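To start, the structure itself, in structure tokens.
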Amino acid sequence: MCFNSFFFLFFFMLINFFFFVYFIMNGLSVFFEWEIISFNSMSIVMSILLDWMSLLFMMFVSLISSVVIFYSKSYMNSELNLNRFIILVLMFVFSMVLLIISPNLISILLGWDGLGLISYCLVIYYQNLKSYNAGMLTALSNRIGDVMILMVICWVMNYGSWNYIFYFDFMKNDYVMFIISFMIIIAAMTKNAQIPFSSWLPAAMAAPTPVSALVHSSTLVTAGVYLLIRFNYLLIDMFFFKVLLFLSILTMFMSGISANYEFDLKKIIALSTLSQLGLMMSILSLGFPDIAFFHLLTHAMFKALLFMCAGVIIHMMNDIQDIRYMGGLSLYIPLTSLCLNISNLSLCGIPFLSGFYSKDLILEMVSFNSFNLMVFILFYLSTGLTVFYTFRLIMYVMINDFNLMMIYNLYDEDYIMLNSMFVLLFMSLLSGSFLSWFIFSYPYMIYLPFNLKLMVIYVSILGSILGFMVSNMGIYSLNKLLLSYNLSSFLCLMWFMPNLSTYGLSYIYLNFSQILFKNIDMGWSEIYSGKGIFNILKNYSVFYNIYQMNNFKIYLFSFILWFMILFIFFFI
Amino acid sequence: MLIYDIWFLFIYMFFVGNLIFVSKNKHLLVVLLSLEFIVLSIFFFFLVLLMFIDYDMYMLMVFLVFSVCEGSLGLSILVSMIRSHGNDYFQSFSML
């Protein structure tokens, strides 16, 4: 099953690549349409839009998913129901493809809902309590976005068609479009885990690692960015886009800080995903959709590679994900640490790896155009924080001493997993330059002063020095985290925002319902129904029993008595 | 006790008979006697009625025959009860 789906998806990727090159060279785009039903004035059509953006994205999605399925053949080989897992992953890929190729809101809804539902099924795959909680958090956060898209479908009926690409930039000044843009932005924010809804992404790391590599690095969390890229011509001058800028910059900053305090390997990678998502959304809301798309694609490559390396490390550490137990792995697993290093450095934006092309372009565009001082500072700070937690991770995992056991056997020559990682390694090295040559028909003109241009390098070097210094721990080093406990817990726990979605939504209502239950369900409503009526019936029937247990003649006598009274009153 | 009319006699006899019928007695025979008393009062009043409308009294005889049958039926019940229980005490009859 794994091999079949791997070959199918790889072949699909090659087809998509061929058509992408052909379409972008000739400037083509193809639109299929099948009208399912037409009633009164609305018609439900199934449309497929194939232009270079959707073909490129489909190529990347199918490449990553084929490699992940091949990887999970070895990663989850002790799983009894592996077929079930592969089928879920394939359904996920199908929903993603449906989302990518649709210019129609109803098929976007199908893909969107399918993504949310199948990611729930995949997150709860291990079926322990933590996975159930994480899955519930994921599904319900995504559900908010689904509701928003449903409401957009209702509001868009004002325009007579659900194919939004035809009219949405024409009707931009309408009040209805204002509401629609608000709801689309909220939907993208829930799927992308921006600030109010950001608690599900670190929690969803309870999923198996191949799922994290596919879903939480490249496809599910970029669905929101893709939706906003499609809706970009509508949203450019809207007010809520500026709100989105603010929230996504804060997301980027906050997750960069929180990743520095985390000790769980997958959570660090999840928070770095969140930070890069914030970067994508913020550059999108500044008005550069193609750069956001570029960063989306290169990020997908190296983040999936990073998750797969993390999976290999977790397997080797006997399923321990805590980085304090790891160390010195670069000596023992050279190939895996090669992949880990390259993807980490690509994440930092080291020159001429793939992440450099997108990230450096983003930062230079931010510096070149005149924006807010806060935007500027937070962008550069977040870039520095990215390097900071990356180097801290590299120090903890690869350079410090091994902390797990005395006798150990670290085996990474599992060539199934390694081959799948090498495919992504090749792509993550070259996809930066390859995409920049394909997507941008002309390079961006950027003219910056010397120090401003090198500001990225300065911030990166500063971050790496700090990352090196933070992770030097000896036996006698002071634990500064406990000294500044309030500040540290504020920064580590993602500014206490997960409590909004978990504690705040559960505790108050459960407490209140306990009060209600004790007082009403087990209290007053027992008196007015249930036991109260039972007691009434019991006591009164005892009374009636006493009252009725007498001679039959009494009744006959009462009859005669009544008759006599009647006679006396009416006949005399 | 006021007898303005012969009609009041009937009312009084009828009532007294019923009163004895519904009263709590020791013997079944008293109940049967009260039934006979009621029959007697009705016979008397039927006679007066037929006299007042100048009608022949054949119906009265038919009534007499049937009431006698009824009395004999009651007595047979009494006899069978005495044969099964040994006496005609019936205070154990109750509604429940």
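Here the Cβ of each residue, glycine as well, is placed from N, Cα and C on the backbone.
According to TrEMBL:
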TRANSMEM  A:7-32  transmembrane segment
TRANSMEM  A:44-70  transmembrane segment
TRANSMEM  A:82-101  transmembrane segment
DOMAIN    A:102-382  domain 'NADH:quinone oxidoreductase/Mrp antiporter transmembrane'
TRANSMEM  A:147-167  transmembrane segment
TRANSMEM  A:173-190  transmembrane segment
TRANSMEM  A:211-233  transmembrane segment
TRANSMEM  A:239-261  transmembrane segment
TRANSMEM  A:329-353  transmembrane segment
TRANSMEM  A:373-394  transmembrane segment
DOMAIN    A:389-570  domain 'NADH dehydrogenase subunit 5 C-terminal'
TRANSMEM  A:455-478  transmembrane segment
TRANSMEM  A:490-510  transmembrane segment
TRANSMEM  A:552-571  transmembrane segment
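Outside the transmembrane segment (A:329-353) by six or more residues, the chain places 272, 276, 298-299, 302-303, 305-306, 308-310, 312-313, 316, 359-360, 383, 386-387, 390, 393-394, 397-399, 402, 410, 412-413, 418, 421-422, 424-425, 428-429, 432-433, 456, 460, 463-464 with a CB less than 8 A from a CB of the stretch.
Segment contact is absent for the transmembrane segment (A:147-167) and the transmembrane segment (A:455-478), given fewer than three CB pairs below 8 angstroms at sequence separation of 6 or more. Spatially, the transmembrane segment (A:82-101) is not adjacent to the transmembrane segment (A:490-510); fewer than three Cβ-Cβ distances between them are under 8 Å for residues at least 6 apart in sequence. When pLDDT is averaged over the domain 'NADH dehydrogenase subunit 5 C-terminal' (A:389-570), the result is 85.
Counted over residue pairs 6 or more apart, the CB atoms of the transmembrane segment (A:239-261) and the transmembrane segment (A:44-70) come under 8 Å in fewer than three pairs, which marks the two as apart. Within its own chain, the transmembrane segment (A:211-233) has Cβ neighbours under 8 Å at 53, 57, 60-61, 64-65, 68, 71, 89, 92-93, 96, 99-100, 103, 108, 111-112, 115, 119, 122-123, 125, 145, 164-165, 168-169, 172, 181, 184-185, 187-193, 201, 204-205, 266, 269-270, 273, 277, 280-281, 284, 289, 292-293, 296, 299-301, 303-304, 306-308, 311, counting only residues six or more beyond its boundaries.
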